Ligand code: GAF
């Protein structure tokens, strides 16, 4: 069994977007824009606590083929839809009016308009290689690609560093998902060969070289194929308990609790569950900083234990893992991975493992065997390298 490595950029998927555009609109697109999915190397559930994250973009893309159309009308089709969906300014201006996958597109139009931009009417055709529902941020990739297309078609003045917040608003306020800023930042601001060290309070970024090839390493991404169990409600409840804890501790956000004074902070909370949630966030922020320090020093292998510690913290303190995910992490570690952890919001999704490049196949086989032992449906896996954020293809 081999492990496939997708390559950038977006060749086939771009052709599919163009084919969709021609099929539904009987015309040529004015351009094509791509945005990637992401994995998060480390820093989970820290973004909405004003903390630190370290995602990198995947060489898996959502591509939007688009052209302007007259008036304030937007028509969108995707390779998974039977027919285009059309909406005008009235629907775009009222969060919730457009539903399903097209809500992410309408949300971007809404967020741009709400920020005072003159959004051009457009026809859009969407194709994607980012798997849906695997925790690799297919929704942020869609938002980022649509945003890039509309900004370029309309000649809007919106620099890349201001785009993630706007895409996040589309997701929070139009679609209604209370996510942080990580996924949109990754889809827009990542750089090939680098991880994105993002301070979610200031939105300042540093591109940290993450050259797996040079180190003889690979990141293996294993899709647990676990059904997302109550993920939306659980995510919102984690977010609420973090906000409540910050209030109780008298700080603007949990980022302001110092890892050096964690025990004192925990002693001020009388609820065990809240203490565990706080401990995860505070120690996870510190693990991001420690990972960045190791990567800056070129010590890529040495980040392994931090990845695994992050997983243990998500499993025991934040309580967001599921049996399939824990099985994948344990099997990868037992097969020689330097570190392994769940990536993304939790309750399903993907695991990433840092492995020697020539061990990727063995580690993947060990995970598959452990799944079979437990009677889980076989996982899928792929090795990935850090890719670029949203960009215009042509
Ligand atoms: C999801 C959210 F969209 C992100 O904002 C982040 O909170 C992540 O879960 C957990 O780190 O992907």
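Cβ from N, Cα, C; glycine included.
Binding of substrate is attributed by TrEMBL to 44, 45, 46, 47, and within the candidate set 104, 174, 235 the record adds 235 to that site.
Ligand 1 lies under 6 Å from the Cβ of none of the recorded positions 38, 78, 133, 136, 138. Counted with DSSP, the domain 'GHMP kinase C-terminal' (293-372) comes out as 48 helix, 12 strand, 20 coil. Secondary structure by DSSP for the domain 'GHMP kinase N-terminal' (104-188): 51 helix, 7 strand, 27 coil. Taking CA atoms as the reference points, residue 134 (ATP binding site) and residue 235 (substrate binding site) are 15 Å apart. Taking the Cα atom of each, residue 47 (substrate binding site) and residue 137 (ATP binding site) are about 14 angstrom apart.
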